[in-house]
């Protein structure tokens, strides 16, 4: 197997990966297991389990782990670049969308239905994740707890506190003897050191007042605070970027989130759009630099963590406390997504036509008969024609 051949398969996965982490896993199964046999189905399931235990973009970490397994750390890094770059470049370009429309004197009303459509995507994501994570009364209560707290309290520190509380509650209520044991392993500590250095250094750079550095720190923090992928990071980003700092409006945020639904690849690529929009008052190179800083920032912690954990996974995976706490974290995260759907529908506006778009989007997604890119295209066409 040549490195170029493997990366070609990664590129094919990137072009075909619509629909979020769950759908991405189906693409990996078809391309990397069935067609190319880089690993078997059991190994893929184990990698998915590993990446589900880590903060960051689950599908991205999974395909990076496949690259690491196949050809070591360098191939893992190249895998990340090939997997994420296509959609990151598109989302960076889309951060110039509003300037482009103004330049051509095209009304921004063409985008007016993208907001309620995006809220429909988030609502369906909350429904699907809720079905998956609610397995008993405790997880149901944790989901309601996550939704209620994040709906009424919009401070940025609330989000990690809710997630950690979910994990702690699950450990307290489902605790048992033998949950913890010493794992015999020698992890590559250099990656954890780099992870911590970037976290500390980003906080220092943010104080310098240089916007790309500030947004790199913010998106790096989003990357290590969130379990479960792109849908889970949305409420945290909305709270900080829209409500707290006004880097972009609620409608602009929803437009970007709606457009990324129609693109293949990782949903964390939304960071490039949001960061670019935050810098739209600057020059074109400055806006592009800021978009790149946001994109690199949100993916970097997940890359460093999978490099740190993957070599010792066989030992760590047997620690039951990690699996138990993750059930509580995921339940609380499901509630956060449900709250964000309500908040973002409020940002779009509860007019009759917006509610109709929201309902139609949710119904089409649940039916599974219309692919996401066609739904996005239909909302844009409706905005242009109606």
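Any Cβ shown, glycine's included, is placed from N, Cα and C.
Among the features that TrEMBL reports, transmembrane segment is placed at 74-98 (among others). Remote same-chain partners of the transmembrane segment (74-98), defined as residues 6 or more beyond its termini with a Cβ less than 8 Å from a stretch Cβ, comprise 3, 6-7, 10-11, 13-15, 60, 63-68, 108, 111, 252, 255-256, 259-260, 263-266, 268-277, 280, 284, 287-288, 291-292, 295, 299, 303, 306-307.
The transmembrane segment annotation in TrEMBL covers 110-127 (among others).
What TrEMBL lists as transmembrane segment is 157-175 (among others). Sequence-remote contacts of a segment are chain residues at least 6 beyond its ends whose Cβ falls under 8 Å from one of its Cβ atoms, and for the transmembrane segment (157-175) they are 138-139, 142, 145-146, 149-150, 225-227, 235-236, 239, 321, 324-333, 335-336.
Here TrEMBL flags 187-204 (among others) as transmembrane segment.
If you look up TrEMBL, you'll see 224-242 (among others) marked as transmembrane segment.
Here the transmembrane segment (254-276) has long-range neighbours at 14-18, 20, 24, 57, 59-60, 83-84, 86-88, 90-92, 94-97, 111, 114-119, 121-122, 212, 215, 219, 222-223, 229-231, 233-234, 237, 241, 247-248, 287-288, 290-295, 297-299, 344, 347-348, 372-373, 375-377, 379, meaning same-chain residues at least 6 beyond its ends whose C-beta is under 8 angstroms from one of its own. Look at TrEMBL and you will find 254-276 (among others) tagged as transmembrane segment.
According to TrEMBL, the transmembrane segment annotation covers 288-310 (among others).
Annotated transmembrane segment per TrEMBL: 331-350 (among others), in sequence order.
Within the chain, the transmembrane segment (356-385) has long-range Cβ neighbours (under 8 A, six or more residues past its boundaries) at 18-19, 109-114, 116-117, 119-121, 123-124, 127, 258-259, 261-263, 345, 348. Among the features that TrEMBL reports, transmembrane segment is placed at 356-385 (among others).
Listed by sequence, the residues of this chain that lie at least six past the ends of the transmembrane segment (187-204) yet keep a Cβ under 8 A from its Cβ atoms are 213, 216-217, 220-221, 224, 297, 300-301, 304-305, 307-309, 311-312. Sequence-distant neighbours of the transmembrane segment (110-127) (same chain, 6+ residues past either end, Cβ-Cβ under 8 Å): 20, 97, 101, 231, 234, 250-251, 254-255, 257-259, 261, 334, 337-338, 340-341, 344-345, 347-349, 353-355, 357-362, 365-366, 372, 375-376, 379-380, 382-384.
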